[in-house]
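**Q** Got a structure for you, written out below as structure tokens; questions coming shortly.
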Amino acid sequence: MMMIMGRKCEDCGNQAKKDCVYMRCRTCCKSKAFHCQTHIKSTWVPAYRRSHHKHQSQPLSTSIPKGVQIHTTPGHFPAELSSLADFRCVKVSSIDDGKEQYAYQTTVNIGGHVFRGILHDQGLHKVMVDHHYNKNSNNHQELLTPSTSSCPLKITSPFTDFMFGTRFSSVLRR
């Protein structure tokens, strides 16, 4: 039994489309800029454009851990989420007494909306709140004692609690 093979592309040897008058595959026909009616009608999109289009149509999720998808509708946000954020150490002062304190400023993007805020020092807290961690997990965190001699520039943390509307006096640079 003899098998009838399709036409081969004259340039690369791949299978040519049977109606192509130039006897080329799609890629070679397009790359040589032939005005082939068979390939013009085709809905084929080059691989580099497909992946580029796919990345453009998907929402960015840099602040959401891999495997977690948060779908937000306009005006509706998740009651709670966990994300990574960079915190900058800043000096803040109260309008009432003018006393300077250290705080951390951050900005996060949730569902395309930008949230910016400052975390104020609430004093020492030795008990971790089970609100953010599963009681059965083996997550251990060391509590750091505050030090007035050093203030790190960046800290990565999964917490995103804010006090809005607070002004800060200057950003510490070290």
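Just so you know, glycine gets a Cβ as well, placed from its N, Cα and C.
Pulled from Swiss-Prot, these are the listed features:
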type     : residues                  : note
DNA_BIND : 9-36                      : DNA-binding region
BINDING  : Cys9, Cys25, Cys29, Cys36 : Zn(2+) 2 binding site
BINDING  : Cys9, Cys12, Cys20, Cys25 : Zn(2+) 1 binding site
MOTIF    : 110-113                   : motif 'Required for homo- and heterodimerization'
**Q** Quick one: which residues besides Cys9, Cys12, Cys20, Cys25 have a Cβ within 8 Å of the Zn(2+) 1 site's Cβ centroid, in sequence order?
**A** Lys8, Glu10, Asp11, Gly13, Asn14, Gln15, Ala16, Lys17, Met23, Arg24, Arg26, Thr27, Cys28, Cys29
**Q** Work out how many Å separate Cys9 (Zn(2+) 2 binding site) and Cys20 (Zn(2+) 1 binding site) at their Cα atoms, rounded off.
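**A** Per the Cα atoms, Cys9 (Zn(2+) 2 binding site) and Cys20 (Zn(2+) 1 binding site) stand 10 Å apart.
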**Q** I want to check the contact list for Cys12 (Zn(2+) 1 binding site): same chain, sequence separation of six or more, C-beta distance under 8 angstroms. What comes out?
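**A** Spatial neighbours, sequence-distant, of Cys12 (Zn(2+) 1 binding site): Cys25, Thr27, Cys28.
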**Q** DSSP helix, strand and coil counts for the DNA-binding region (9-36)?
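**A** In the DNA-binding region (9-36), the DSSP-based counts are 6 helix, 1 strand, 21 coil.
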**Q** Report the same-chain neighbours of Cys36 (Zn(2+) 2 binding site): residues 6+ apart in sequence with Cβ closer than 8 Å to its Cβ, ordered by sequence.
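**A** Result: Cys20, Val21, Tyr22, Arg24, Cys29.
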**Q** 10 Å Cβ neighbour count around Cys29 (Zn(2+) 2 binding site)?
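**A** Cβ-Cβ neighbours of Cys29 (Zn(2+) 2 binding site) within 10 Å number 24.
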**Q** If you count other C-beta atoms within 10 angstroms, which of the binding-site residues Cys9, Cys25 is the most crowded?
**A** Cys25
**Q** Give me the count of other Cβ atoms within 10 A of the Cβ belonging to Cys20 (Zn(2+) 1 binding site).
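**A** Cys20 (Zn(2+) 1 binding site): 19 neighbouring Cβ atoms within 10 Å.
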